[in-house]
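Below is one structure, written out as structure tokens, with a few remarks after it.
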Amino acid sequence: MSFKSGFVAILGRPNVGKSTFLNHVMGQKIAIMSDKAQTTRNKIMGIYTTDKEQIVFIDTPGIHKPKTALGDFMVESAYSTLREVDTVLFMVPADEKRGKGDNMIIERLKAAKVPVILVINKIDKVHPNQLLEQIDDFRNQMDFQEIVPISALQGNNVSHLVDLLVDHLEEGFQYFPADQITDHPERFLVSEMIREKVLLLTREEIPHSVAVVIDSMARDEETHKIHIRATIMVERDSQKGIIIGKKGAMLKKIGQMARRDIELMLGDKVYLETWVKVKKNWRDKKLDLADFGYNKKEY
């Protein structure tokens, strides 16, 4: 029996549903989600394997006009996948008209010379007539291999999109073991789950100014719990105060919510200890970016 495999990048502007789509395909949380733009900062690999095929999805940071060194890293990280994949899923929202950000991405895709499938997400939010207008508009911008409307949140048409990808795959190797779902280490996934709760519970400038560093992660042989010590990094003292909250209430809530998700992922009881530290302007300092996991060599 022949086996098919290939690498597929998921590209698009911030907040179009790329991570929601990946998590739905994988059947579990691989990439964190929030309603904040630029939630995904690193390339996230999701490995979808059946008896007949393996699709290695690469969820990328939302492409935007960068204002910091972190933003530069995110955009470069997204575009670098064009050199690594067999197919690109270019995702746009059905409830927003094509904008400058979409046009910028389209120009890069035209030059990349890789097959592109246009994925119009959030179809549950629009009338069919509006969807048809969106399809016609994008069809006139470039020659897409396919145009597929979906709702990643509700799962509408997602399996059809996966089937289309399989049809376009060529025979190849199984690159990863069947039970492996991502290439990121557990420490990275743990840090992302903590950051997700910060994004969920805070507002304004806080989400963009936060990084999470896992200082230690080890099993206690007596209690059989996994002890995790994590530091939430911010850029200003005022941000530190907001995350800690009145009498530590906000930090406690972040820890409780994150611990539940981490326990589900690891399948073990977890003792999570969180601290908050200030590192001024870390998003514009390359050494800090590397220390906090935004390293071009790795992701």
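The backbone N, Cα and C atoms fix where each Cβ goes, glycine too.
These figures come from a predicted structure and were not determined experimentally.
Some features that Swiss-Prot has for this protein:
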- 12-19, 59-63, 121-124: GTP binding site (BINDING)
- 4-171: domain 'Era-type G' (DOMAIN)
- 202-280: domain 'KH type-2' (DOMAIN)
- 12-19: region 'G1' (REGION)
- 38-42: region 'G2' (REGION)
- 59-62: region 'G3' (REGION)
- 121-124: region 'G4' (REGION)
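Overlay of Swiss-Prot annotations on the structure.
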residue	record	DSSP class
Gly12	GTP binding site	strand
Lys18	GTP binding site	helix
Thr60	GTP binding site	coil
Ile123	GTP binding site	helix
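Of all Cβ atoms in the shown protein chains, 30 besides its own fall within 10 Å of the Cβ of Lys18 (GTP binding site). Around the Cβ of Asn15 (GTP binding site), 19 further Cβ atoms fall within 10 Å across all displayed protein chains. Other Cβ atoms within 10 Å of the Cβ of Gly12 (GTP binding site) number 24 in total over all chains. In the domain 'KH type-2' (202-280), helix, strand and coil residues by DSSP number 32 helix, 27 strand, 20 coil. Taking all protein chains in view, 22 other C-beta atoms sit within 10 angstroms of the C-beta of Ile123 (GTP binding site). Of all the Cβ atoms in the protein chains shown, 25 others lie within 10 Å of the Cβ of Thr60 (GTP binding site).
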